[in-house]
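**Q** Take a look at the following structure, please.
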């Protein structure tokens, strides 16, 4: 099945997914919210700003400027903006989306103003539009270079999830499906916060024992929040949670981990953000998850500790001491 796909968001991840769709045989148009970035992609037929390893776009992938005026051309819209821009993008789509069109989200995080799940935002604004989430352990550069990658497509509508699965999957990119859109979102969002925590620990040279403990207890915190919201327990040992958590906490391709690493090495927050020189989702998501967990009365010690380091200037060494000397308890 050949489809016409609009990709909104031309960062590394949005571009990698646009490339995957083009390699799959679809006609793809990609848009950046920055006019000068669109002009560069149109002129050079690449996105060297975010994916310098890709010399030229394949023939089926091109940049587009005025996507609203051309919305009728597309079957599906892939939203790959930072979480901070997700709500505004959905509001823009509300003004022009057609009844037969559907949305795929590749954005991870929570809504920055209401701390709601992104699927809730989409359903509230576009209640009759089919919505799916694509998430899992996937670095953009590796996907763009067609290295083997596996992800999850989550939707309340299993038939729509299967449609998206077929849209993307080929010999390099394998999509699984699930109807647990809550669990998939919680895993994909919270892991970015924990990747910062892992980076801080690495920067302070706390060792691999601490790294293993952090991932394991971090997974327990994600699961606790997810179950409170109605997620399925099995989701948390799958690609959208454990898989993504392992990847993001363990490799310096992760912007979130690198940001934490710089903090652990003594940089200020502003210095670390400047050094990463790209969106650090976990920095913004930490505040959202903190407020979200407090709202739902869910205790998340590692997430709360990371929030205090990022937003209350807490000393990481003091935080570690507090975490290690909390009241002793049963693991489960």
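Note that Cβ sites are derived from N, Cα and C of the backbone, with glycine treated the same way.
From Swiss-Prot, here are the annotated features:
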BINDING   13, 34, 108, 140, 255, 279, 281  NADPH binding site
BINDING   108, 136, 138, 191, 244, 254, 255, 256  sn-glycerol 3-phosphate binding site
ACT_SITE  191  active site, proton acceptor
**Q** Looking at the binding-site residues 191, 244, 254, 256, which has the shortest Cα distance to residue 140 (NADPH binding site)?
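**A** Checking each of 191, 244, 254, 256 against residue 140 (NADPH binding site), the shortest Cα distance is to 254.
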**Q** Among all the protein chains here, how many other CB atoms are within 10 A of the CB of residue 34 (NADPH binding site)?
**A** 11
**Q** In whole Å, how far does the CA atom of residue 256 (sn-glycerol 3-phosphate binding site) lie from that of residue 281 (NADPH binding site)?
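**A** That comes out at 7 Å between the alpha carbons.
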**Q** Three-state secondary structure of residue 279 (NADPH binding site) from DSSP?
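**A** It is coil.
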**Q** Distance between residue 138 (sn-glycerol 3-phosphate binding site) and residue 13 (NADPH binding site) at the Cα atoms, whole Å?
**A** 9
**Q** Give the sequence-ordered list of residues that share a chain with residue 281 (NADPH binding site), lie 6 or more positions from it, and have CB atoms under 8 Å from its CB.
**A** 82, 83, 108, 109, 192, 255, 256
**Q** Cβ-Cβ under 8 Å from residue 136 (sn-glycerol 3-phosphate binding site), same chain, 6 or more residues apart: which ones?
**A** 149, 150, 151, 152, 188, 239, 240, 243, 244
**Q** Which one, from the binding-site residues 108, 191, 255, has the smallest tally of other C-beta atoms lying within 10 Å of its C-beta?
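**A** Comparing Cβ neighbour counts within 10 Å for the binding-site residues 108, 191, 255 gives 255.
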**Q** Under 8 Å between C-beta atoms and at least six apart in sequence, can you list the same-chain neighbours of residue 254 (sn-glycerol 3-phosphate binding site), or say none if there are none?
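**A** Long-range Cβ contacts: 139, 195, 199, 247, 248.
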**Q** In whole Å, how far does the CA atom of residue 279 (NADPH binding site) lie from that of residue 191 (sn-glycerol 3-phosphate binding site)?
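**A** The separation of the Cα atoms works out to 15 Å.
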**Q** Look at each of the binding-site residues, 13, 138, 244, 279, and point out the one with the fewest other Cβ atoms around it within 10 Å.
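**A** Lowest Cβ count within 10 Å among the binding-site residues (13, 138, 244, 279) is 279.
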**Q** Which whole-number value in Å describes the distance between the Cα atoms of residue 13 (NADPH binding site) and residue 191 (sn-glycerol 3-phosphate binding site)?
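**A** Cα-Cα distance, residue 13 (NADPH binding site) to residue 191 (sn-glycerol 3-phosphate binding site): 16 Å.
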**Q** Taking just the CA atoms, what is the gap between residue 34 (NADPH binding site) and residue 191 (sn-glycerol 3-phosphate binding site) in Å?
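**A** Per the Cα atoms, residue 34 (NADPH binding site) and residue 191 (sn-glycerol 3-phosphate binding site) stand 28 Å apart.
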